[in-house]
Amino acid sequence: MSVHNVQNSEDQLFVKDSYLLEWKDIKYSVNQKDKETVILKGVSGYANSGEILAIMGTSGSGKTSLLSILSNRLFSQSHVKVSGKVTLNQNEIHTFHSNHYIKYVLQENFLFGTQTVRESLTFACRLKVPYLLKSQVNDRVNEIIDHLRLSAVADNMIGNTMRKGLSGGEKKRVSIGNELISYPNVLILDEPTSGLDSFTSQHLIEVLKAQAQLGRTIIFTIHQPNSKMFNMFDRFILMSEGSFLYQGPTSDAVKYFSDIGYQCPYEINPPEYFMRIFHIENRYNMTKTEREILDICSRQYKETLEQYMIPQIEGLTEIDIKKGLHSASIITELKVLVQRSILNVRRQPMLSAIKIVQAIIMASLVALIFNNSGHDRKSIQSITGALFFNSINYIAFPSQAEALTFPLERPVFLTEYKEDLYGIFPYFLTKVICEIPFQIIFTIIYSLIMYFAIPYNTYNASKFFVFFGISLLSQISGNSLGYLVGSLTSSIQLAVVIGPAMMVSLLAFGGFFSNTNSFSSAFYWVRYISNYNFTYRALIINQFTDFDFNDEVDNPIHLLNFEGEVWENAGALLLVTFGMMVIAVINLKISGEYHKRR
């Protein structure tokens, strides 16, 4: 499909609209260890509807920082200072919901590998454009698939490190589609061709050119395009050391630099020549020649180009300050997230099978070790040991699994949260809801095998169901502990360190290794936040209440000083579980808000 062949599309309505993104005197600096590093040095410019504006420059020139400011993603903070003004149609972007007009595509693709292209776009559409009917969502998704030339792979899975899927260029187009789905007027992309070969990069630029011809403003950074790609740019900016060296039509660039003494040889690609001439080997220790070239070009730009960078401001479309107020409801967010999570589980049957096999193996192992424990004095140690082993299995395994899963999902979560796709509560509740079926299955398998093989208290049928209820609650508590650890860590390496340390600390106060009443006063309080403690207490009380021994022996409930009823310990376990969830939600909220401000 050629860049001219996009017809019968709602997107063509944007051709009638006129949007101007303008920035004036943008300065950006970072303070580190009482030393200020200047990233942007008072740059000004603009981008019009219907054009591609490419920003070129070597690494460290300030390209990505400029994009972050233009997309309202970078603000002044304690160690960061940002000044200047960015406007869309003469309205400062921080005074309205600019993220519904301006969309930003990250350099890295954060996508769910188990979704197909169509499913990924549908997910984004349902959350970003919640007012569309189901038929309209399907039409919009098909439209984006057609525009981005993804028809051939529309129903293919995106793929990840575990499953082969789309190519790098196709994944990038899916990322772009997830932003285009909500009808933005300005699309900003950070290094969209990074990691792609020349042919794929050119294909991607052609797709972006088609979007510009629909009336959108396309701005992106690029390192070194080939000549065909370069000629597709309407205008480009050349940056070095936080300053502009050129801003204007692509067709005028070679002549401009030739006039100031830098003639591009005919056989060399202009972008390659520019990068070679203005390359800085070490920005902290520039050579005399590098400094002279930079000073000459920067001064020449300010004298001959900057003063003429006056955009056309007539006929601009009025900004609707209410646009973006119609976000998806919590119910819609929860529904869409649950559907995605269920789909993710269905697409990974091996993981589900492993969990079931794990339950069978662990239950069988414990049953073999503690089988036929009996009802005499010698059985007490075996039964209490088996019950504590149950507590460990119910809490430690799910907590460790969740603690390691959270860091893997964290980049996608932070990216989607930063885009306001959903809130913390729907995201967290989705994780809790979607884990419950596995917890029930695990507990059923584990309980049926262990309870009657050991056996536990079989004098009353209600004992089994109480055992099952406590076991299920402790499973949920284990997951909550995993959520807590995962919310505190940003990497698997950190989770591997913090998780076991926290779990062992709580395990030590579980009531099996030492009588909880004998703990030092300095650590006595830990027993009240140990989910192992309340699980073990509830299981012991349920087991040995109304339990008939073959010989005279003191009831273990009294020997262990386990006071209270089963329901009291179960209630305490529920409170500890809920408390861990609340702390995890707070941690996620803090992480999400911090990421939004970066």
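Each residue, glycine too, has its Cβ placed from N, Cα and C.
Marked as domain 'ABC transporter' by TrEMBL: 21-266.
Taken from TrEMBL, the feature transmembrane segment applies to 350-370 (among others). For the transmembrane segment (350-370), the list of distant contacts is 382-383, 385-386, 389-390, 393, 397, 438, 441-442, 445-446, 449-450, 453-454: same-chain residues at least six beyond its ends, Cβ to Cβ under 8 Å.
Under 8 Å from some Cβ of the transmembrane segment (432-452) lie the Cβ atoms of residues 338, 341-342, 345, 352, 355-356, 358-360, 362-364, 366-367, 386, 390, 393-394, 398, 402, 458, 464, 467-468, 471-472, 475-476, 479, 581, all in the same chain and six or more residues away from its ends. If you look up TrEMBL, you'll see 432-452 (among others) marked as transmembrane segment.
Residues or ranges marked as transmembrane segment by TrEMBL: 464-485 (among others). Sequence-distant contacts of the transmembrane segment (464-485), counting only residues of its own chain at least 6 positions beyond either end whose CB sits under 8 Å from a CB of the stretch, comprise 390-391, 394-403, 405-406, 428, 431-432, 435-436, 439-440, 442-444, 446-447, 451, 456, 458, 495, 498-499, 502-503, 506, 531, 535, 538-539, 542-543, 566, 570, 573-574, 576-578, 580-581, 583-584, 587.
Residues of the same chain lying 6 or more positions beyond the ends of the transmembrane segment (492-513) and with a Cβ under 8 Å from any Cβ of it are 384-385, 388, 391-392, 395-396, 399-400, 403-404, 406-408, 481-482, 484-486, 519, 523, 526-527, 529-533, 535-537, 560, 562. The feature transmembrane segment is assigned by TrEMBL to 492-513 (among others).
The annotation transmembrane segment is assigned in TrEMBL to 570-588 (among others).
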Tell me, roughly as an integer, the mean pLDDT over the domain 'ABC transporter' (21-266). 90
